[in-house]
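I have placed the structure first, in the form of structure tokens, so that the comments after it can refer back to it.
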Amino acid sequence: MSTPRTHPTLSTILILAVLAAVLATAARAQTCGSQAGGATCANCLCCSQFGFCGNTSDYCGAGCQSQCTGCSPVQRCGSQFGGAKCANCLCCSQFGFCGGTAEYCGAGCQSQCSGCPSPTPPPAPSGEGVASILSKELFEQMLLHRNDAACTARGFYTYEAFLAAAATFPAFGSTTEGLSVETRKREVAAFLGQTSHETTGGWPTAPDGPLTWGYCFKQEREPKSIYCDTTKPEWPCAPNKEYIGRGPIQLTWNYNYGLAGRALSLDLLNNPDLVAADAVVSFRTALWFWMTPQANKPSSHAVITGRWTPTAADNAAGRVPGYGVITNIINGGLECGIGPDPRVADRIGFYQRYCGILGVDTGSNLDCYSQRSFNLGVPSTGLAAQ
């Protein structure tokens, strides 16, 4: 007797069809990474550990094979890529990746570990520029320990980079506005005094005193956030970017990076690390802030050169011309109007030391202990305090 033939049931046929479709889809979806001959994803998507393209943490997180930073391809460099250097003066890490943080610029860094070499400064457009009142020897004397082994910015802040940046702001410390030598020296001392406090690496018993340790750091050491203000849609934060304090003035917040970038014709919103990778750009962002009035605040340049006249509201708030108002402009929301404060005293100490080196008096009204902050009732500049 013959054995009866069996026929697949409808449910079996459906299951097999679904499995075939899944396998076919999976085969088509695995378009990147080791599963696809090292191919990268289109549109800068991340390649997951299983060879699939996407932009969520499942793709860009643990095991991600390529383009793991999302919207922009990872730059490669160094011995792993034929000695290639990173664009925009970024550091090349020991593993051949480009970036501007300590992970890239620290131990094992292969190239551009302190940014790009500083260019020879161009001559001042007219009149006498900063170099006529601040020699390299005086610059080195002021910032005596900035290249100490303990300073992560060692080798970064050079005299040449400072002059190159200053040349793009011809009114700073120069004769173009008919300023006296004394006023010009006072402005340079004030700028270096405030920025030395922002970047200080000094401590009470530091060699040669704490006021010789300015410009020790080039970015915020313990950032409290990534400083992305989403209420400023005109300055959208780029994915995976942090707008922490960087450079001599510790430029902070996405909108400040956006404003500075627009003024300097640089895309700092998408490349904020450039402020800590290129010394000239770093100084330029600080000088931009120094020279630019914001909201109800005058520019620091106008204050120190005697070109600012307080309004009735300023007088009522105790904001009178002098170095103290500059502290208020920079970080008044945290340091001013609260009585004696060691941070304010540190700013004053740097300024007094630099004025002494340049042989000029400091002027009056050095502190902001009794001044109301400019920030009361108006948006803060967001500059991070050190």
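The backbone N, Cα and C atoms fix where each Cβ goes, glycine too.
Per TrEMBL, signal peptide is recorded for 1-29.
When pLDDT values are averaged over the domain 'Chitin-binding type-1' (29-70), the model yields 72. The domain 'Chitin-binding type-1' annotation in TrEMBL covers 29-70 (among others).
All protein chains considered, the CB of CYS32 (disulfide bond) has 26 other CB atoms within 10 Å. The feature disulfide bond is assigned by TrEMBL to CYS32-CYS47 (among others).
Annotation for CYS41 (disulfide bond): same-chain Cβ neighbours under 8 Å, separated by at least 6 residues, are THR31, CYS32, CYS47, CYS53, SER66, GLN67. According to TrEMBL, the disulfide bond annotation covers CYS41-CYS53 (among others).
The number of other CB atoms found within 10 A of the CB of CYS46 (disulfide bond), across every protein chain shown, is 26. Feature annotation from TrEMBL assigns disulfide bond to CYS46-CYS60 (among others).
According to TrEMBL, the disulfide bond annotation covers CYS64-CYS68 (among others). For CYS64 (disulfide bond), other Cβ atoms within 10 Å of its Cβ number 19.
Per TrEMBL, the feature domain 'Chitin-binding type-1' maps to 74-115 (among others).
Taken from TrEMBL, the feature disulfide bond applies to CYS77-CYS92 (among others). In this view, CYS77 (disulfide bond) is surrounded by 25 other Cβ atoms within 10 Å of its Cβ, with every protein chain counted.
Under the heading disulfide bond, TrEMBL lists CYS86-CYS98 (among others). Cβ neighbours within 10 Å of CYS98 (disulfide bond), excluding its own Cβ and spanning all shown chains: 24.
Summarising the annotation, TrEMBL assigns disulfide bond to CYS91-CYS105 (among others). In this view, CYS91 (disulfide bond) is surrounded by 28 other Cβ atoms within 10 Å of its Cβ, with every protein chain counted.
Residues annotated as disulfide bond in TrEMBL: CYS109-CYS113 (among others). Annotation note: CYS109 (disulfide bond) sits in a coil segment as assigned by DSSP.
According to DSSP, CYS151 (disulfide bond) sits in a coil region rather than a helix or strand. Look at TrEMBL and you will find CYS151-CYS216 (among others) tagged as disulfide bond.
Positions annotated as active site, proton donor by TrEMBL: GLU198. In the structure as shown, the Cβ atom of GLU198 (active site, proton donor) sits within 10 Å of 25 other Cβ atoms.
According to TrEMBL, the feature disulfide bond maps to CYS228-CYS237 (among others). Secondary structure from DSSP puts CYS237 (disulfide bond) in coil. Long-range neighbours of CYS237 (disulfide bond) (same chain, six or more residues apart, CB within less than 8 Å of its CB): ILE226, CYS228, THR230, TYR243, ASN254, LEU269.
All chains included, 30 other C-beta atoms sit within 10 angstroms of the C-beta of CYS336 (disulfide bond). Annotation source TrEMBL lists disulfide bond at CYS336-CYS368 (among others).
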Comparing the disulfide-bonded residues CYS47, CYS53, CYS92, CYS216, CYS368, which residue's C-beta has the most other C-beta atoms within 10 angstroms in this structure? CYS368
Its Cβ having more other Cβ atoms within 10 Å than any other among the disulfide-bonded residues CYS86, CYS109, the winner is CYS86
So which of the disulfide-bonded residues is most packed in, judged by how many other Cβ atoms lie within 10 Å of its Cβ, out of CYS105, CYS113, CYS151, CYS228? CYS105
I need the CA-to-CA distance for CYS64 (disulfide bond) versus CYS105 (disulfide bond), whole Å please. 23
